[in-house]
Amino acid sequence: MDLCVTIKGVSFLLQTGMGVLGNTVVLLAYTHIVCTGPKLLPVDMILCHLAFTNLLLLLTRSVPPSMTVFGLKALLNDPGCKVVIYAYRIGRALSVCITCMLSVFQAVTITSTGPYLSRLKPSLPSLVIPTFAGLWLFNMAICISTPLFTMAPRNGTVSAFTLNLGFCLVDFRDNLSYVINGVAISGRDFAFVALMVGSSCYILLLLHRHSHQMKGIHRSQGGGAETRAAKAVLTLVVLYVVFFGIENVIWIYMLTVEKVSPVVADMRVFFSSCYASLSPYFIISSNKKVKAKIVCTAEHEQPSADTQDSNDK
């Protein structure tokens, strides 16, 4: 096997393995919290849903290329390609939407109560599930045309408006379909990223004001918890925006050249999945509930293992 192909396969496998493990741990931790403790806060519900979305993205975008690299040909038929690519498009869309939702909800949570927010803040917990449902329906509608253009790989030449993913083809057939699809997806992504950045800048402004005017609140437990949560959300937003920017710089480059190198296309796929792979580890390190649940589970398992070893001796 060619060295470059081996490096590509190993890179995708490591990225997928890390991401699946991290997001699964976050989901299991929150599941255990729900089963043994009180109801989740809105931010925790959003983080849990983000982990699920990232898991969906990784399983549909990183796993098939990895399997194809290591010799699994004809991995999916036409219906399989339609399902996998449609699920990937929804997962990718929800990743930006849920991160944006997280930023907006956190901005509303820590803001000083004003005439318009006095009624909104108490209703935040009841808005989480309807917002999830609305985002799912919205993105399912935006991506509804994806199955129409998706098919299994075929022998022979492909049209100029075909995206060859290796394991599947996305054939837009003509320039109009290609442009409409690109404008719809790019417009949605940039709109949510702009809202995400705007709400994050507002959070930064509030944190700056609090550091000078509300030091007493910062010393209290609630104020400190809100500040830590806000900083964690800001870091997730920065992480997303960085990888989103890298991916779109590569995408713009691909649109400007006549023939795209496979290495460049693989780099775009890799960077588009980096956020889904790395974000769960930041959630684990910055979220006290998740970290405490993981530590508690590990400590619970350790005495059991020691007891088993003693019995074996």
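Each residue, glycine too, has its Cβ placed from N, Cα and C.
TrEMBL entries are annotated by machine, without manual review.
Marked as domain 'G-protein coupled receptors family 1 profile' by TrEMBL: 22-283. Under the heading transmembrane segment, TrEMBL lists 12-33, 45-63, 83-105, 126-149, 190-208, 229-255, 267-284.
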Overall pLDDT for the domain 'G-protein coupled receptors family 1 profile' (22-283), taken as the rounded mean: 83
Close approaches to the transmembrane segment (45-63) from elsewhere in its chain (Cβ under 8 angstroms; 6 or more beyond its ends): 12, 15-16, 19-20, 23-24, 26-27, 30, 84-85, 87-88, 90-92, 94-95, 98-99, 101-102, 105, 128, 132, 269, 272-273, 275-277, 279-280, 283, 287
Beyond the flanks of the transmembrane segment (229-255) by 6 or more, those residues with Cβ under 8 Å of it: 43, 95-96, 99, 102-103, 106, 109-110, 189, 193, 196-197, 200, 203-204, 206-207, 264-265, 267-268, 271-272, 274-275, 278-279, 282-283, 286-287
Two-stretch contact, the transmembrane segment (267-284) and the transmembrane segment (126-149), at least three Cβ pairs under 8 Å: no
Stretch with greatest number of CB pairs under 8 Å, the transmembrane segment (126-149) reference, 12-33, 83-105, 190-208 candidates: 83-105
Distal contacts, the transmembrane segment (12-33) - CB-CB under 8 A, six or more residues away: 40, 44, 47-48, 51-52, 54-55, 58-59, 62-63, 65-66, 69, 270, 273-274, 276-281, 283-284, 289-290, 293-294, 297
